[in-house]
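Enquirer: So TrEMBL lists the following for this protein:
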TRANSMEM  20-46  transmembrane segment
TRANSMEM  53-73  transmembrane segment
TRANSMEM  93-113  transmembrane segment
TRANSMEM  120-138  transmembrane segment
TRANSMEM  158-179  transmembrane segment
TRANSMEM  191-211  transmembrane segment
TRANSMEM  223-243  transmembrane segment
Amino acid sequence: FWFFFSSVALGQIGNFLAYTAVPTVLVTPLGALGVPFGSILASYLLKEKLNILGKLGCLLSCAGSVVLIIHSPKSESVTTQAELEEKLTNPVFVGYLCIVLLMLLLLIFWIAPAHGPTNIMVYISICSLLGSFTVPSTKGIGLAAQDIFHNNPSSQRALYLCLVLLAVLGCSIIIQFRYINKALECFDSSVFGAIYYVVFTTLVLLASAILFREWNNVGVVDFLGMACGFTTVSIGIVLIQVFKEFNFNIGDLNKPNMKTD
C-alpha cells in the first residue's frame, strides 16, 4: 500500500512541477507515455503477454511523443500571477467556463442517471470536462505559489487565488474519481482508458489554449506537427489498450492456409 501511495504521490508531484515549468500543450499529451512504458515493464517483470499490435502501439506512442516535443511551443505565454489573473477574467475564457459548467450540470443531473450505464461517452464526457479544470488549476497554483512567500502587496491576492484554485482542483478530482469508478463498473477498462485519454487531452488542450493562449506562438508547420504527433500517440494508445487481448503474432503470417473441400 505504501509503495503504491508513494508512487502515486511522486507521480502527482512530477506532474505539478511539469505543468509549472513547461507549456500544458506539451505536458498533457506526453502523459500517455505511462501506458507504453507500463505495458513493456509488465511484459518483462510480470510476464504479461504483449502482442504485435501492442508493440506497434508502444512504438507509435514513443514516435508521436518525439514529434510533439520537436514541434511544441518553446516558451511560456503566462509566467506571472498578474498575467494569470488577466487571463482568468478574459471574457472568452469566462464564456467557455459557463458553457462547460452548463454541460456538466446537464450531464451529471439529467443524462448520467438515465444513460450513463449504457453509454460510455457520458462518463467520459463528465471526467474530461472536469479535466479541463484540473490541469489549468494545477498550472495556476504553481504560478500563484511563486508570489505567496514574497513580502509584497500581491502576496495576499496570490494566497487567495491559490486557495480558490486548490478548492476547484480538489472538487474536480473527487468528482472525476467518482465517475471513473462508475465507468469501470459498467465498461471495459481498456476501452474506457483509450477513449478517455483522447477526449480528456483534447478538452484540456482546448481549455489551455483559451486560457493561456499557448497556441499563439505556434506556427502552421508546428501546429500540423503537433496534430500529427497527438494523433499518432492516440492511435498507439488505442492499439495498446483496446487490442491487448487480441491473439495475433507475426508467426501466424507464416502459417500456410489450410483449405478443406
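Residue 1 is the first one shown; counting continues down the chain.
Cβ coordinates are placed from backbone N, Cα and C, and glycine is handled just like the others.
Automatic prediction, not curation, is the source of TrEMBL annotations.
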Enquirer: Please check if the transmembrane segment (120-138) comes into contact with the transmembrane segment (53-73), where contact means 3 or more CB pairs closer than 8 Å and the residues in each pair are separated by 6 or more positions.
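Expert: In this chain the transmembrane segment (120-138) does not contact the transmembrane segment (53-73) - fewer than 3 Cβ pairs sit under 8 Å.
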Enquirer: Can you tell me which of 53-73, 93-113, 158-179, 191-211 gets the most C-beta pairs within less than 8 Å of the transmembrane segment (223-243)?
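Expert: Against the transmembrane segment (223-243), the leading stretch is 53-73.
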